[in-house]
Amino acid sequence: MLAGAVAFLIGSILNGVAMNIGVLIFGRLLLGVGVGFANQSVPVYLSEMAPASIRGALNIGFQMAVTIGILAAGLINYGTAKIEGGWGWRLSLVLAVVPAVVMTAGSYLLPDTPNSILERGQPEKARQMLQKVRGTQNVDAEFQDLLDATEAAKKVDQPWTSILQPRYRPQLVLCILIPFFQQLTGINVVMFYAPVLFKTLGFGDDASLMSAVISGIVNVLATMVSIYSVDKFGRRMLFLKGGAQMFIFQIAVGTMIAVRFGVNGDGELSRWDANILLLFICAYVAAFAWSWGPLGWLVPSEICPLEIRSAGQGINVAVNMIFTFIIGQVFLSMLCHMKFGLFFFFAGFVVIMTVFVYYFLPETKNVPIEEINQVWKQHWFWGKYIPDEGLVGLSRNDEGRDT
C-alpha cells in the first residue's frame, strides 16, 4: 500500500506540472502502478483484518472510497472545465495529490495484519495484533486457524504455480471470471465515458458533465446499501438481485435509444426523454454499485487460502485491469457500430454471469477467512477438488470468535 501510494503521489505531481506529452504519459504510468498496488493489497488487507461477521461491510469500504473518488473527479472536472486560460486540466490532474497524501500517510501508520505477521515468523506479535483488532483476549480458536493456515502456506514455495493445482481450481476460476464478468457488465462504459455518452445522446456539454455527476452520486449512495446489506443478506443475494436489476435497465436503455434513434442513429431526445434515460442509467448504476461493484473486489479477496492469497488477488487485479483497458479502447468504436445494440450486448453478459453465480458461487457470509475451504468442500460442483487435508478449523467450534 505504501509503495503504491508513493507512486501515485509522484504521478499526480508529474501530471500537474507536465510540460510535454512524455512527462504526462510517465505520470499516468505511475498512477497505474499506484492503482494496481492498491487494488492488490487493500482488499486483502481488509479481509484479513476484519472479523467474519462484518468482513463484507469493512471490505466494501474500499469500493466506497472508489465511488467517492469517481464522484469527486466528476465534480472537479465539472468545475475545472469552466476555468478560462487553458490551465483547468492541470488543476484537475494535480488534485489527485490529495488522496495520494492521505493514502501515503495512512499506509505508513497502519499495522500489518496478524496473518502477515505470523507468516513472517512472529507468532506472539501476531497474537497481540489479533487481540488488539478483535478487542478481546479470547482469540484462541481464530489464532489456531491462522497457525494452521500458516503451516499449510509454508509447504507452498511458489503460489503462482500452486494455484494451478486442482485443489485450488475453485479459487482460480473465480479469481478470473469475477473480474472478467465485472467489466462485462458494461459499467466502465457508463462511468468512463458518461459525458461522451450523454453528449452523443443529445445532452449539452454542461448537461453531460452534470449527468455524469448525478450518476456518480447514485454510485456512492447505492454502495452504502451494499455496506449495510452484504453481511445481513449475503453475497449471493446481492449478486443475483443486482444482476436482475442491471439486465432490466440495460434492456430499457437500449430499447429507448433504439426507438428514438433507430439503426441509423438519426433522432433526438426531448427533455422528458433525456430525464427518463438518465433515470434508467442511474438505476443500472445503482444495481452495479450494490452488487458487482463491491463484490467484485470482496469475494476474490476472501475465498483464497493464505498460501495462494497473493497470487489469487494478483490474478483478480490483472484480469480486471486488462479488461478495463480493452473495453476502454473499443467502447467508442462499438458505440458507433452497434449503437443501441451495445446495451443489449452487455445485458447478455449480465444474464450469463448471473446464471454462473447462481450455480457456482457458494455463500461466504460470516465464514472465517481461514475456513473458507469448508464452504468449497460442501459445494455440489467444487467439492470434488478440495482434499480433506485442505480443511482448517473443521474440528473446532466458533465459540468466542468475532465477539
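Positions of Cβ are set from backbone N, Cα and C atoms, glycine also.
Keep in mind that TrEMBL annotations are predicted by a computer and have not been checked by a curator.
Now, the feature entries from TrEMBL:
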- 1-365: domain 'Major facilitator superfamily (MFS) profile' (DOMAIN)
- 58-81: transmembrane segment (TRANSMEM)
- 87-110: transmembrane segment (TRANSMEM)
- 172-196: transmembrane segment (TRANSMEM)
- 208-230: transmembrane segment (TRANSMEM)
- 242-263: transmembrane segment (TRANSMEM)
- 275-293: transmembrane segment (TRANSMEM)
- 314-334: transmembrane segment (TRANSMEM)
- 340-361: transmembrane segment (TRANSMEM)
Residue numbers, six or more beyond the limits of the transmembrane segment (242-263), whose CB comes under 8 Å of its CB atoms: 185-186, 201, 269, 273, 276-277, 280-281, 283-284, 286-288, 290-292, 339-344, 346-347, 350-351, 353-354, 357
Feature contact check the transmembrane segment (208-230) with the transmembrane segment (172-196), CB under 8 Å, 3 or more pairs: yes
Stretch-level contact, the transmembrane segment (58-81) and the transmembrane segment (208-230), CB cutoff 8 A, at least 3 pairs: yes
Segment confidence, the domain 'Major facilitator superfamily (MFS) profile' (1-365), expressed as mean pLDDT: 90
Positions on the same chain near the transmembrane segment (340-361), where near means CB under 8 A and six or more residues out: 173-174, 177, 181, 184-186, 189, 235-236, 239-240, 243-244, 246-247, 250-251, 253-255, 257-258, 261, 292, 299, 334, 381-382
